[in-house]
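Here's what TrEMBL has on this protein:
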- 21-38: transmembrane segment (TRANSMEM)
- 58-76: transmembrane segment (TRANSMEM)
- 88-108: transmembrane segment (TRANSMEM)
- 114-134: transmembrane segment (TRANSMEM)
- 154-175: transmembrane segment (TRANSMEM)
- 187-208: transmembrane segment (TRANSMEM)
- 268-287: transmembrane segment (TRANSMEM)
- 299-319: transmembrane segment (TRANSMEM)
- 331-350: transmembrane segment (TRANSMEM)
- 356-380: transmembrane segment (TRANSMEM)
- 392-415: transmembrane segment (TRANSMEM)
């Protein structure tokens, strides 16, 4: 099949495969973070075998610089990088590293020690690289498709947290009284996570590119000058005139530069940066180490993580209701800045409040994080051509990861301030 140019590409009367695409995007979103959320969710296990190494904080601090540095390189070169190869490389790396984590823990029988800790840190660094490949590639790819796709993908990201938390609670309860139960629960948990990563490779390679609605949007993007979709279209059996021109060295259609896109959308980029600076300065390190001892005992931190993930997931579906979706640029900035009131709220609740107040605060933190993330990422790309939307999607993820890194660094101030470093 050959398509000439964008002027000859009509919008399909029926968007065949839309709901199938939404389901696939949800699963791909889940796979994009299930490996990392697995690490966060088994934090109680790592605190048991590495009690002196602050695992939730250190592992997050290892993960983010690799994710940010890789994402910066990929965002700068996004127009020349094949999206299909990029995403498949990311999902494959996720699968291999999650499996490696399982093998490492089996080989060491769940024992502590500096050598094992360094090995885990190396795997976490690979998680960061894979995250940059997949998250930036998927958000960029879905930015020029229908908004429901990127919303489903973002909901899948949150679902990975909710699902891993639920699985962790189940495995902890199932193996709590068994001999070496904590270790057995973690092994089962990591095996399930590895399976999800393998499933994502299959879905992205063989199912997603062949959906009619996905073919339509990628063909349209190629006709507007995008080179990043060529391999995906080839996998679907489509050869476009835009691809042929690119292959022959013809000049690509004009598009806004990354610099122009950056300054036109600097408020959206700042929104995402600040959303994740605030969230990661509290989650997960503060919730594991600075919330005190309560009636829930060893379950307390797991419950807090599960509550955050559950409400983050719920919030990512709220923008589907158009009447309550925040689209105003000024409104998004005000809402983002107002979240910094969480800092004194969490401080005084940890110091004087009981576990009920903390659970309520964590739920609101998750709600605002998920809601604002979806609003920004679905509103920002509107009005641009396909190649520009892809580039902007990569820039948005770059700022999101920069916010996460800054938040993780600021999270250390909680324990430095308490003199427990």
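Here the Cβ of each residue, glycine as well, is placed from N, Cα and C on the backbone.
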Folded-back contacts onto the transmembrane segment (58-76), same chain, C-beta under 8 angstroms, at least six residues removed: 36, 39-40, 46, 86, 120-121, 124-129, 131-133, 135-137, 258, 280, 284-285, 391, 394-395, 397-398, 401-402, 404-405, 408-409, 411-412
Residues of the parent chain within Cβ reach of the transmembrane segment (154-175), under 8 Å, 6 or more residues beyond its termini: 25-34, 37-38, 40-42, 44, 135, 181-182, 184-186, 188-189, 192-193, 299, 302-303, 305-306, 308-310, 312-313, 315-317, 370, 373-374, 377
Maximum Cβ pairs under 8 Å to the transmembrane segment (21-38) - stretch from the list 88-108, 187-208, 268-287, 299-319, 392-415: 187-208
Tertiary contacts of the transmembrane segment (299-319) (same chain, 6+ residues out, Cβ under 8 Å): 37, 40-41, 43-44, 151, 154-155, 157-159, 161-162, 164-166, 168-169, 172, 283-284, 287-288, 291, 293, 325-326, 355, 358-359, 362-371, 373-375, 378
Any contact, the transmembrane segment (392-415) to the transmembrane segment (268-287), with at least 3 Cβ pairs under 8 A: yes
Interface present between the transmembrane segment (88-108) and the transmembrane segment (114-134) (three or more C-beta pairs under 8 A): yes
Same-chain residue ranges lying at least 6 outside the transmembrane segment (356-380) that approach it to Cβ under 8 Å: 139, 143, 147, 150-151, 154-155, 158, 265, 268, 271-272, 275-276, 279, 282-283, 287, 291, 303-304, 307-316, 318-319, 325-327, 332, 335-336, 339, 342, 345-346, 349-350, 392-393, 396, 400
